[in-house]
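Quick look at what TrEMBL annotates:
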type     : residues  : note
TRANSMEM : B:9-25    : transmembrane segment
TRANSMEM : B:31-49   : transmembrane segment
TRANSMEM : B:61-81   : transmembrane segment
TRANSMEM : B:87-108  : transmembrane segment
TRANSMEM : B:115-134 : transmembrane segment
TRANSMEM : B:167-189 : transmembrane segment
TRANSMEM : B:219-242 : transmembrane segment
TRANSMEM : B:254-282 : transmembrane segment
TRANSMEM : B:294-315 : transmembrane segment
Amino acid sequence: MSATQFIELIINGLITGSIYALVGSGIALVYGTTRVLNFAHGELMMLAGYGVLLFAVTLGWPVLLAALATILIVMLLGAVIQRVTIAPLLKREDWAFNVVAATIGLSIFLQSAAQLIWGEQFQGVPYFFNGVAVIGEVRMPWQRIAIFLVALGVMGLCALVLYRTRLGRIIRATAQDAEAALAVGIPSGLVHTAVFAISAALAGTGAILLSPLVTVSPWMGASYLLKGFAVVILGGLGSFGGAVAAGFLLGLIESFSVAFVSTEWSNVVAFLFLIAVIWARPEGLFAGRGA
Amino acid sequence: MLEVFGRRPYLVLLVMALLLAPVPLLQLNDYILHVLTLFLIFAVFATGWNLTLGILGLKTLGHHAFFAVGAYASAMVSHYFGVSPWITIWLAALIAALTGLLIGFPILRIRSMPHVAIVTLAFAEIVRLVFANLKEITRGELGFWGIPPFDPIQIGETTIRFGLGNAAGSFAVAAIMFVGVHLALLLLLRGRCGLTFLAIRDAEAAAESLGVRLAAWKLFAFAISAAVVGLSGAVYAHYVLILTPTSVAGPEMLISLLAMIIVGGVGRFFGPIYGALLLTVTSELLRDFGDFRMLLYGALIIVFVFAAPAGIAGLKPRFSRKETETRKTVEAV
């Protein structure tokens, strides 16, 4: 393997990994605070894809404005989903499986609804950033580099909110003990909804960044959901930082697996790695502090 | 036990068997027999999955992998080595059971529900990708065809033929498997074994403290459940005669079966059967509106989780108890 190839594999791994990290950290945030595994997370991505298609392509808005509008809408949707389908189930004794079942149902419902409304075709979104960056011998379209940089920025912002603001302290307190948080006057129910909205924003960001590369379709979120889950487990369930690190790790593993096996096996390698980790370290690779 | 099996499980099964027995003689139209055959195969699949999901309480989401393993194993052995499907279906059940043990081991150490769900889901995805990628032997998504149907059986003057297009014979095979599997499971679960499973589901730590060897029992349940699902997959393969990785191990299979179990009743022995019947028949009625099938399944899952988490099977005891209570009050008066 030449040095150029090696650098290319690293860059590709980091770019794929940044999407996994975005999706996974959103799932981890929700799991960390509410112990809810949201199977409809991928559909939030899909809806964000259609949002950016509507605003940026059909209506022709500037990219930044379209992205902001899409993220706001997806945050609202995430909050509504939490309020309407998840919050009522949490009062039940066997809520853990009920929530999984309900969000699986919701996920397939949204997917088929999107298929009926927008059809089965894969719709392209033009690149937001044109041109190709040349670093030494490596040529990389700016769009792909932007994915990495924007993802890093958004996750950094999220970490800043979580660990350096009052809202973040409230979220982490709820994550540690929802009842105790309630006792000191934190409205845990509202915090759960807020966390869902933030998680939706992360999924939406991922989908917007991806949409020019993978095209928008009813199934665009489904394939990332399982990767997101894998990232959450690898990172130690519920750990935000762990999920980010695991996302990049999974991206790099997939990228480097291509050097040894053909591309259609790279997902098999990724999931086998997941099962091997579960076997050896059930608590995850980066288990540490929660939320 | 009462909640899981109802009051007279053997009687219920006998009634089901008696209802199924005359069906091939009724001269029904082939299409109706086809729908009923699919129902019986999926009912066995759902019952097998319910064994871990509802009765052992281990929330696995990847049993469509065992269906695919059973289907492909039986199809490939009979196709490539010319072994009779009557033999390969048992081989398929055995291979599925071994696969169940294989994935059972990493799961044993985990007690958190999300871990189990995600690992089993990832495992099913691995199985689907392996069958899709081994194009030289499975032809991938193009479909594995040339699967032999069950060998004809000669009884006196009449020859019974099987496979798609021979509706009565295929229905008979599915019905015999259906009754046989459920009878075997009832015999197994009505005793110590079923009690142990339910004890693990309801109070794992308490069961362990009473000397229940959790690891061994969980692996056992996993193997039995995978074997049942694998057997249903094998019978499916020799009925439809063509397999693609997505049709047997894709997300639609997961959703359909999960919907059957949830609608029928998670953890009720007969629940998945009612769910399979209801959903197989309605999805055939909706065939003209093909795109609505998954929409309906998604909506049904949500509605049942909210309105009737114990499913159709869970609805009945409440009514009957009310009836007996009213009867008692009437008698008292």
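Every residue, even glycine, has its Cβ placed from backbone N, Cα and C.
If you count C-beta pairs under 8 angstroms between the transmembrane segment (B:254-282) and each of B:9-25, B:87-108, B:219-242, B:294-315, the highest count goes to B:294-315. Under 8 Å from some Cβ of the transmembrane segment (B:61-81) lie the Cβ atoms of residues 45, 48-49, 52-53, 88-89, 91-93, 95-96, 99-100, 103, 117-124, 126-128, 131, 137-138, 144, 146-148, 225-226, 229-234, 236-238, 243, 245, 248-250, 253-254, 257-258, all in the same chain and six or more residues away from its ends. Segment contact holds for the transmembrane segment (B:219-242) and the transmembrane segment (B:87-108), given three or more CB pairs below 8 angstroms at sequence separation of 6 or more. Remark: the transmembrane segment (B:9-25) makes no contact with the transmembrane segment (B:294-315), by the rule of 3 or more CB pairs under 8 A. Counting Cβ pairs under 8 Å to the transmembrane segment (B:115-134), the top-ranked stretch among B:31-49, B:87-108, B:167-189, B:294-315 is B:87-108.
Within the chain, the transmembrane segment (B:87-108) has long-range Cβ neighbours (under 8 A, six or more residues past its boundaries) at 58, 60, 62, 65-66, 69-71, 73-74, 77-78, 115-116, 119-120, 123, 214-215, 218-219, 222-231, 233-235, 238.
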